[in-house]
Amino acid sequence: MSLFHLILVALIQGITEFLPVSSSGHLILLPALTGLEDQGQVIDVAVHVGTLGAVVLYFWRDVRDGLAGLPRALTGRLDTPGARLAMGLIVATIPTVLAGAALHFTGLSDALRSITVIGWTMLLFGLLLWWADRTGAQVKEATDWSLRDALILGLWQAVALIPGTSRSGITITGARAMGYTRSDGARISMLMSIPTIIASGVLLGADVAVTSDAQAARDGAIAAAFAFVSALLALSLMMRLLRSVSFTPYVIYRLALGLVLLGIAYS
């Protein structure tokens with residue numbers, strides 16, 4: 001795998017992981033449209049580690065509070081904001097873990113990796129994001145996040161296992177439909193990504209430890225570094241823009257890319 005290809009994969013993952021445009025969809029499209037080889041599990045795990053580091057650093061106060069409240073959450077004592085956050089993230093992650101394991105072990109995840117599927121999901125879920133952002137009230141904040149809302153958003157998040165859906169896009173859509181502000185809906189979505197990325201990395205990396213070599217480890221370190229920097233920049237820019245800009249630019253991008261992909265798929 002060339003250095004150019006390595007950096008390209010890392011940048012695509014880093015930039016698109018937290019934007020509502022589907023990182024997995026873009027990574028599937030890269031070899032399909034360019035003829036480049038698939039990056040493999042080592043690089044997949046590495047870029048996940050990089051993006052995980054970015055979101056943890058950006059939301060480090062929330063992460064600190066959640067970790068501090070985790071012991072209380074595990075014993076059912078939801079009497080602090082940190083404990084409620086930790087329990088909310090646990091509840092929100094369960095549907096995705098169960099659905100992801102089912103798709104992985106049945107082989108259905110591979111069947112969904114096609115340009116046609118990505119094209120349709122880009123279009124359909126882009127329109128759904130536009131509808132939710134246009135019609136959803138902005139009356140709820142992150143402090144209003146309940147276990148009921150966590151479960152609902154967890155079910156939305158499980159849908160993102162279909163390539164092209166976008167994990168951040170579908171959870172932000174759900175949050176906006178439930179009346180969360182753009183900034184707080186995105187904040188909840190980003191925090192939900194942390195246990196999800198960890199679970200995904202564990203699943204992808206099950207065999208990496210015994211199959212990787214020194215070269216693979218070096219490639220992984222490079223990929224993780226570039227993914228970390230690009231993800232942190234993209235996340236910072238998006239959260240800043242959401243103070244004054246809607247999700248319409250991302251919707252337009254999704255619709256344009258979806259139409260191009262369907263044109264390729266059906267030509």
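Heads up, the Cβ atoms here are built off N, Cα and C, so glycines get one too.
For reference, Swiss-Prot has these:
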type	residues	note
TRANSMEM	1-21	transmembrane segment
TRANSMEM	40-60	transmembrane segment
TRANSMEM	85-105	transmembrane segment
TRANSMEM	111-131	transmembrane segment
TRANSMEM	190-210	transmembrane segment
TRANSMEM	219-239	transmembrane segment
TRANSMEM	245-265	transmembrane segment
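Same-chain residues lying 6 or more positions outside the transmembrane segment (219-239) and placing a CB less than 8 Å from one of its CB atoms are 1, 3, 6-7, 9-11, 13-19, 39, 42-43, 45-51, 53-55, 57-58, 183, 186-187, 190, 212. The list of residues near the transmembrane segment (1-21) in space but at least 6 beyond its ends in sequence, with Cβ under 8 angstroms from a Cβ of it, reads 27, 30, 36-37, 39-40, 43, 46-48, 50-51, 54-55, 129, 166, 168-169, 172-173, 190, 193, 219, 222-235, 238, 247, 250, 253-254, 257.
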